[in-house]
Each structure stands twice: as C-alpha cells, then as structure tokens.
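Colleague: Dropping a structure here in structure tokens format, bear with me for questions.
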Amino acid sequence: MKHSPWNWINPELTELQTTTLLKYKAGEEQLSALFGLKKGFTVTKCCNRNWEKEMAPGKKGILERLNAGEVVIGDGGFVFALEKRGYVKAGPWTPESAVTHPEAVRQLHREFLRAGANVMQTFTFYASDDKLENRGQNLKLTGVQINEAACDLAREVANEGDALVAGGVCQTPSYLSCKSETEVKAIFKKQLDVFLKKNVDFLIAEYFEHVEEAEWAVKVLKTSGKPVAACMCIGPDGDMHGISPGECAVRLVKAGAQIVGVNCHFDPMTCVKAVKMMKEGVEKAGLKAHYMVQPLAYHTPDCSCQGFIDLPEFPFALEPRILTRWDMHKYAREAYKSGIRFIGGCCGFEPYHIRAVAEELAPERGIMPPGSEKHGMWGAGLEMHTKPWVRARSRREYWENLSPASGRPKCPSLSTPEGWGVTKGHSDLMQHKEATSSQEMKHLLEMQKKAKSTA
Ligand SMILES: [Zn+2]
C-alpha cells in the first residue's frame, strides 16, 4: 500500500500542511528524509515553528501601508459566495468548509488575490464555539480546528502575492443572549489564541450590531499587540441601541482600534456615508484613526437600521439587487474621495467586483491586478467582438452611463423591510444548543403574520 505522506508522517497532518511544507518549509529532499522516519514521527515541531513569519519576507504591515497613504484593497464575502457554490449552509453561516473543503476556500482566496486584494481575511466568520453549536448544529469539529485550518489557507494564498493575513472575529450569539462581558470576551480570546499561534499579520473585529460587544472584542484583540481594525455592521442610523456612527467610532478608537469602519448590512454608498460620519466623530473628538469599508454588493436604499437582514429577499432572492462592476468603480472612487484607504467588500462581493475596485484605483496604486489581464479597462476587450453593435460598447462612456434593466416586468424597485424590532435581550433572540422546535416555529409564523398585517 502506498502511504499518503501526510498520514504516514503524522495522522494529524493535513494535505494542506504537507503541501505547504513542501512549498515553503522543506525541500523535496528534506521531506523524503522525513518520510523515511518511523511511523508516528511528529512534524508538529516543524508546524509550530513560526515559518509563517519566515514565509512573508519584506512585506509591509497594514499600518505601515495606511500610514504611507497607500490604498489597501480588501477581499469580498466568503459565506455568501461559498453558500452559492455549495460549501456553506445558509442559516448557521458557519465556516467549517475551511476543514471539510479547503480546496473551495483556497480557490476563493486565490481569486480575490488575483482580483487585486491585499488582505486575505481568515475564513473564521462565526467560528466561535457558541455559534458552532447553535440551534441543533452538530459539526463534530472544534472552533480551534476550523480557525487553524482557515489561518493556514489564508497564509498559503497570501504568500502567493502582496497580501497580508487578517484574523477575523465577529459578533456572538452569546452577546445577543445577554451573557456576561467575561463570557463573551473568553470566546474572542479562544479565537485570538489560534491567530497568535498561526501568527496572522493583523486582526479584524467585524460585523457588530452593538458597539458594546465590538469594544469588548477590540479590547481582547489589543492584548496581542498586533494592529486591530474594527467594523460595525451599521448604517447612518447607528447601532441597534441607536448609538451614532460617530460615537461608535470614537468608542472603538478609545478601546484601541487603529482602523475603524463598517462592513456588511448596507450597500456601498450607504456604508461610505456611515464611515464618513465615523471620521467626523473621530476628528471632532481630537482622535486619529484609519478608515475602512467593506459593504454589501447589493443595492439597499429601502433598508432600515438592521440593514439587508430585514429585506423580504434576504438571503435567497437578492440577485436583482447586485451591483454591476461599473457601480463598483463609482463606489471605489467615492470611498477614496472620502478619505477611506482600506476598501473591500462583504456579502455579494465576488472577485470581479474587487477587480473593479482595483481597476478604478489603479492610478493611485500604480498597479493593475493580475485578473485584469482578461479584462480590458472599461470593456476595451469588446473591440474584438464579432458583432459591431457590441464593439461599439468598448468604451467608458457607454458603461458609465448605462442604467441596466432588471428584465423583471413585475419586479418592484423597492421592498418593505420587516422591522420586527427584535434585538439583544429579546426572548426570540435567545440562542440555544437544541434545534428550533415546532412550537418556536409556530410562534414565529404568527409573528410574521402580525408583522405583515401591520406593515
Ligand atoms: Zn456580509
């Protein structure tokens, strides 16, 4: 029987670790020498060495880049993109595919890198232990396993280009269920321990609806000494307790975040507006920060303060709202003009959206993304099209001024958001390990009926 090298050396050693060792740490000779060692030999020592650090020589850190006024391009949304590809379950939205389908996660990282992203965010959204066992989920994987695998994948791809690895934490079901500050902080600390072991380049606390929980996350992440970015998933109306974007930002900066902004929940222009309000708040308070924005790739002019979660189309019928690549040019320019230098995306953002951001800001960055090899600026490649009327579209003015049709004769342009007014502390938000019961479902359908009749 031919032994697979990773099982033979160490049953716990994954294919990823082995290929990474092959590529960066050990030459083939060294590895074959390792293969010659007796069964049970552990290469944990090799893996625990900070070879990640050795593997990223000469890269500028996140603050070094932002302090120099450089534009940093973030990646796009993983949960939504991988859900559509069949690797994430809508509902829990947890990132176990970092362990179960590393090839899918690695490929998406690669596509964002090729699109021009400078940051590979670890696919650790909702990878906290309390979320992984929420409402009947039975993964048989620990949070540590998922976080470790996600760090390895992000590092592997970051090393293929000019990208940094950011370890990410986000809001927890424990906070919504009114667990104590100590309990919630312990959840963040567990993820941070993995990020430190894997030596990520910086940290992002993102997707917080309540600034209080975001502050707790920042304080935990700050203990590492690594740069910390903090994003709320809020719009101009502020957090779920009505705290304005300006005040949220001031509190996050005071908690120790060097970069503040918003992600998810709202469309690009709304998010840019919220970050502008943050910037004004921070400046008014006499503080200093860098700013980031990672919005949705969906148009959300009809959303109230909870954002796209309240839209009747969330999450399975949002497609008519997707921004085009040309919308992304406008977004990137607006974000840049507003003084935001860390510009990326969240749910709905596919690699081609990030490529559009990188292309718009190519003059400022002085580089075009590798993915643009197959994409002439402003549709220039259409000059090669067989049909003359399509060749006529190979110019900026055409795409910049187009108002695309939806093709849906009965499709309304706006929806009525649900707005149940349920947030932290409400009994219907309490999380538990058991699956949602039929009694709970019955209650929810009644609530839905009531909400519809009063809308
Ligand atoms: Zn998102």
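Yeah, the Cβs are placed from backbone N, Cα and C, and that goes for glycine too.
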Colleague: Name the one residue among Cys231, Cys233, Cys248, Cys264 that TrEMBL lists for the same Zn(2+) site as Cys346, Cys347.
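Modeller: My reading of TrEMBL gives Cys264 as the candidate in that site.
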Colleague: Any idea which of the binding-site residues Cys264, Cys346 has the thinnest Cβ neighbourhood at 10 Å?
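Modeller: The binding-site residues Cys264, Cys346 were compared, and Cys264 has the fewest Cβ atoms within 10 Å.
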Colleague: Helix, strand, coil: count each for the residues of the region 'Disordered' (401-425), based on DSSP.
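Modeller: Grouping H, G, I as helix and E, B as strand yields 0 helix, 0 strand, 25 coil.
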Colleague: Quick one: mean pLDDT on the domain 'Hcy-binding' (60-361)?
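Modeller: Summing pLDDT over the domain 'Hcy-binding' (60-361) and dividing by its length gives 96.
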Colleague: Suppose the Zn(2+) site is Cys264, Cys346, Cys347. Which further residues of the same chain have a Cβ inside 8 angstroms of that site's Cβ centroid?
Modeller: Gly77, Phe80, Tyr207, Cys233, Asn263, His265, Gln294, Pro295, Leu296, Gly345, Gly348, Phe349
